[in-house]
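J.: I have a structure I would like to understand better, so I am pasting it below and will then ask my questions one at a time.
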Amino acid sequence: MSANELTSGDFTESGEPFKLFAEWLKEAEASEPNDPNAVALATVDEDGLPNVRMVLLKGFDDDGFVFYTNFESQKGREILGQRKAAMCFHWKSLRRQVRLRGPVEIVSDAEADAYFKTRARGSRIGAWASKQSRPLESRFALEKAVAEYTARYALGEIPRPAHWSGFRIRPTSIEFWKDQAFRLHDRIEFRRPSPVGAWEKVRMYP
């Protein structure tokens, strides 16, 4: 089945970007070989130099797109400094792409705590042991830190580190791209002046 056959109707007629994203993600979950929620996250440092890396989307709704990270990591520091970010989803099996960008807010402690509890125990230990984005003298040093925190939290719940939480991108732009023959692709961008503004839909040249 081709990507064009998967979605009923013409996606360019949609006026609801979050609903359209939900439909596309659901189809990606059925067709991508792994991690359909993987997304390229772009941030910029204090000199305006961009950095990009893959993260996993952990939730989305009409308020925005959520992912979790160490706030002392490179991306954490850059987002806290600029409070803006961009994402790009690419589903090769569907020949589709979604780009979005906008201001970023920190999720509530309750949201972060609830998600942290769902993580594998080893991942929760790792959140304590890893000084993310800092130089590491050896693999042994990391394994030693993991062993120390494993012993410290051998019994009971593992608390969420204060430096580990989530960010929510509240998009002011969401673009849906779909491959078409001869590079005459379909591109639809939804724009709004602020995260609470009304959406304007614009068809873009490919």
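For all residues, glycine too, the Cβ spot is worked out from N, Cα and C.
Annotations per Swiss-Prot:
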- ARG53, MET54, VAL55, LEU56, LEU57, LYS58, TYR68, THR69, LYS75, GLN97, GLN132, SER133, TRP177, ARG187: FMN binding site (BINDING)
- LYS58, TYR115, ARG119, SER123, ARG183, LEU184, HIS185: substrate binding site (BINDING)
J.: Quick one: pull the CA-CA distance for LYS58 (substrate binding site) versus GLN132 (FMN binding site), whole Å only.
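T.: Between the Cα atoms of LYS58 (substrate binding site) and GLN132 (FMN binding site), the distance comes to 19 Å.
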J.: Fewest other Cβ atoms within 10 Å: which of the binding-site residues SER123, GLN132 wins that one? Let me know.
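T.: The binding-site residues SER123, GLN132 were compared, and SER123 has the fewest Cβ atoms within 10 Å.
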J.: Widest Cα span across the substrate binders LYS58, TYR115, ARG119, SER123, ARG183, LEU184, HIS185, in Å?
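T.: Farthest Cα pair among residues binding substrate: 44 Å.
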J.: Express the distance between the Cα positions of LYS75 (FMN binding site) and ARG119 (substrate binding site) as a whole number of Å.
T.: 20
J.: Counting Cβ atoms within 10 Å of each candidate's own Cβ, which of the binding-site residues VAL55, LEU57, LEU184 comes out highest?
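T.: For the binding-site residues VAL55, LEU57, LEU184, the Cβ with the most other Cβ atoms within 10 Å is LEU57.
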J.: I want to verify one value. Collapsing DSSP to three states, which class is ARG53 (FMN binding site)?
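T.: Looking at the DSSP assignment, ARG53 (FMN binding site) belongs to a strand.
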J.: Can you grab the distance from ARG183 (substrate binding site) over to TRP177 (FMN binding site)? Cα atoms, rounded to a whole Å.
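T.: With distance taken Cα to Cα, TRP177 (FMN binding site) is 11 Å from ARG183 (substrate binding site).
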J.: DSSP three-state call for GLN132 (FMN binding site): helix, strand or coil?
T.: coil
J.: Within 10 Å of the Cβ of TYR115 (substrate binding site), how many other Cβ atoms can you find? Include all protein chains, please.
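T.: There are 17 of them.
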J.: Max Cα-Cα distance in Å among ARG53, MET54, VAL55, LEU56, LEU57, LYS58, TYR68, THR69, LYS75, GLN97, GLN132, SER133, TRP177, ARG187, the residues listed as binding FMN?
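T.: This binding site's residues have a maximal Cα-Cα distance of 36 Å.
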